[in-house]
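K.L.:
The structure's right below; bear with me while I get my questions together.
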Amino acid sequence: MPGEITYGRKRPLPACPNPLFLKWLTEWRDSAAEKNLKTQFVYQKAISSLKKYPLPLNSGKEAKILQNFGDSICKMLDDRLEKHYAECGPNIPIHTVPSSSSTLRKAQRQPKAPSPLSIPHALEPPEQESQDLSPSKKKKTGGKKQREYVPQRRSGGYAVLLTLYRDTKSPSSRGYMTKAELQKEAQPLCDKSFTLTDPNSKYTAWTSVSTLIQKELVIKTHSPARYSLTEKGLELAQRLEEAEDQGRADGFPRQVQASSNEEEEQEEAESETNPYIHADPVQCPDQQLNLAYSHNAKNTSSDPPSVQYNHVPEFTLHPGDFNILLCVDFIETTGGAAHRKQELVTELRRNGVNFDVRKLHIGDFLWIAQEKVQPVPGQLRIPQARELVLDYVVERKRMDDLCGSIIDGRFREQKFRLKRCGLRRPIYLVEDHGSAQHLSIPETTLQQAIVNTQVVDGFFIKRTKDVRESAAYLTIMTRYLQGIYSRKSLLSCTKEEEWKCDRSLRPDASSCILVEFKDFNEGAMKNKAQTVKEVFARQLMQISGVSGEKAAAILEKYSTPASLMSAYESCSSAEEKEKLLSSVKCGKLQRNLGPVLSKTISQLYCTKEPLS
């Protein structure tokens with residue numbers, strides 16, 4: 001007899017350690033919303049960012065390290081905090097909401113009984129909380145009828161349903177499958193790995209199983225877990241199998257009409273597995289999406305790039321024909337105190353690590369697969385070994401260096417360049433160096449910067465206490481990567497091809513695609529020659545309020561300054577010039593650029609006399 005059915009439950013969100021700042025931001029957002037001002041969205045983004053961070057803030061200035069906190073909001077918080085101290089006294093705690101507000105809030109919430117359908121939220125007005133369902137829930141359930149959930153073809157949910165269905169038809173079926181069995185059998189039916197995460201994401205194809213359980217298509221019983229189909233899941237899986245068989249007969253894959261896709265599975269998986277990421281039921285949920293994870297959602301389609309693009313490698317390194325080599329940036333061995341710089345190299349040699357010191361244009365450490373070459377009779381020089389770069393790059397930061405890089409802006413720029421370099425496993429190696437209490441930035445702010453890098457940017461963070469421990473970590477990583485890649489055939493690709501190829505590393509695959517090291521290192525050069533479009537983008541981003549997304553939206557319409565100037569010249573009046581860019585759609589939510597920024601840009605490019 002199967003045991004009791006257990007369904008996945010959402011983890012409780014941690015309480016915000018800065019409720020006073022959250023309260024003030026919420027008041028400002030609501031006030032802006034009443035006046036129909038667009039600043040409400042700015043406050044909403046700041047609220048979302050603040051709620052994701054587990055550390056307390058002592059001033060608005062400290063909040064500047066958070067995403068979506070600019071000079072204006074930080075100054076407003078400091079001014080409001082000063083007023084709060086003047087009203088309540090200098091010793092009043094700021095990490096709790098004042099009792100008067102608390103009592104009022106409690107009185108307003110008194111009629112509401114706890115219900116599993118409603119989730120308390122700091123941003124929900126009291127009158128909305130007194131209802132059983134939130135407005136967003138009503139919109140979903142009211143009006144048109146919901147369509148049946150059908151997983152996308154070759155997604156994690158699709159593969160799991162088909163695998164369980166085929167198991168039920170097997171004469172040796174036990175009526176259930178374990179997690180390991182299910183992952184192994186379902187992998188050939190899925191384009192994503194069931195065990196390894198996608199680039200810049202924390203989720204695997206296995207996370208879709210929680211969606212299947214919630215939709216009552218799969219049941220999970222016992223411990224260790226056993227998975228089997230429900231009647232509803234059996235019926236859906238049978239239809240998927242029939243569509244698959246029909247597609248094979250027709251010579252092309254056929255897809256059952258689906259009302260859902262992998263984005264829905266990803267959103268539900270995020271809310272279950274990440275306690276810091278959740279959808280806001282009051283304001284637009286899309287604002288809550290983390291930029292670090294948005295790449296996968298944008299590229300979701302029924303077929304992955306690897307199916308559409310037939311990659312032909314320039315060369316292939318077969319198992320036994322290459323060595324895994326750690327590359328160390330020469331900056332890590334020169335400059336500063338000689339004994340300190342050489343200590344890392346000494347420790348690596350002591351640990352028996354095969355490494356090479358060279359100029360790296362990005363990161364401090366990375367790993368390559370270097371071809372084994374033999375001397376050719378009659379030639380004086382050994383042929384040059386071909387090299388492929390692995391998907392791991394390490395940026396090493398001592399606490400004092402982290403402090404300096406935050407102050408001069410290098411920290412944000414380095415993270416931006418690491419995201420764009422093409423290597424999908426960026427690692428920040430944070431090394432303690434004495435006491436952080438005497439640095440020019442508070443220790444709590446440095447800790448927030450580290451959390452920010454992991455939670456918002458999606459980088460892996462490794463903390464070490466000294467150089468010796470850092471060398472030990474690099475040694476372990478080198479051994480680990482040697483074990484992974486040494487048994488695989490490595491196919492080369494160029495920098496231009498890397499986004500077209502399926503470069504995911506699957507444990508059961510016999511080969512993987514890697515970028516040539518020479519192309520990668522040249523492409524990562526900081527001061528390489530730039531195109532007119534790149535310089536134009538940098539120029540636009542110097543204007544206050546123009547973010548990378550907004551600059552990219554302008555470049556889609558006007559790729560060069562000449563094309564923008566030509567558009568301005570075709571305008572019949574100064575007012576038309578000022579409004580030329582106001583309707584340009586920006587970002588994931590496709591909001592207008594707005595008349596204020598449009599006017600500022602037009603003044604910059606259309607004013608002939610000196611700007612003052």
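The backbone N, Cα and C atoms fix where each Cβ goes, and this holds for glycine too.
Keep in mind it's a predicted model, so treat the numbers as computed, not measured.
Here's the feature list from Swiss-Prot:
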type	residues	note
ACT_SITE	Asp329	active site
ACT_SITE	Glu332	active site
ACT_SITE	Asp364	active site
BINDING	Glu332, Asp364, Glu395, Arg396	Mg(2+) 2 binding site
COMPBIAS	261-271	compositional bias 'Acidic residues'
REGION	89-152	region 'Disordered'
REGION	150-261	region 'Winged helix domain (WHD)'
REGION	240-281	region 'Disordered'
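Quick one: where do these features end up spatially?
P.N.:
Counting only residues at least six positions away in the same chain, the Cβ atoms of Val357, Arg358, Lys359, Leu360, Gly363, Asp364, Phe365 sit under 8 Å from the Cβ of Asp329 (active site).
Taken residue by residue with DSSP, Asp364 (active site) is part of neither helix nor strand, so it is coil. Within 10 Å of the C-beta atom of Asp364 (active site) sit 18 other C-beta atoms, taking all shown protein chains into account.
Reduced to three states, the DSSP call for Arg396 (Mg(2+) 2 binding site) is strand.
Restricting the average to the region 'Winged helix domain (WHD)' (150-261) gives a pLDDT of 82.
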K.L.:
Can you name every residue in this chain, apart from Glu332, Asp364, Glu395, Arg396, with its Cβ inside 8 Å of the center of the Cβ atoms of the recorded Mg(2+) 2 site?
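P.N.:
Near the Mg(2+) 2 site, the remaining chain residues are Asp329, Ile331, Gly363, Phe365, Val394, Lys397, Leu429.
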K.L.:
How many Å separate the Cα atoms of Glu395 (Mg(2+) 2 binding site) and Glu332 (active site)?
P.N.:
11
K.L.:
What is the total of other Cβ atoms whose distance to the Cβ of Glu395 (Mg(2+) 2 binding site) is within 10 Å?
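P.N.:
Excluding its own Cβ, the number within 10 Å is 22.
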K.L.:
What's the CA to CA span in angstrom from Glu332 (active site) over to Arg396 (Mg(2+) 2 binding site)?
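P.N.:
It is 9 Å, counting Cα to Cα.
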K.L.:
Most Cβ neighbours within 10 Å: which of the recorded positions Glu332, Arg396 is it?
P.N.:
Arg396
K.L.:
With H, G and I counted as helix, E and B as strand and the rest as coil, say where DSSP puts Glu332 (active site).
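P.N.:
Assignment for Glu332 (active site) reads helix.
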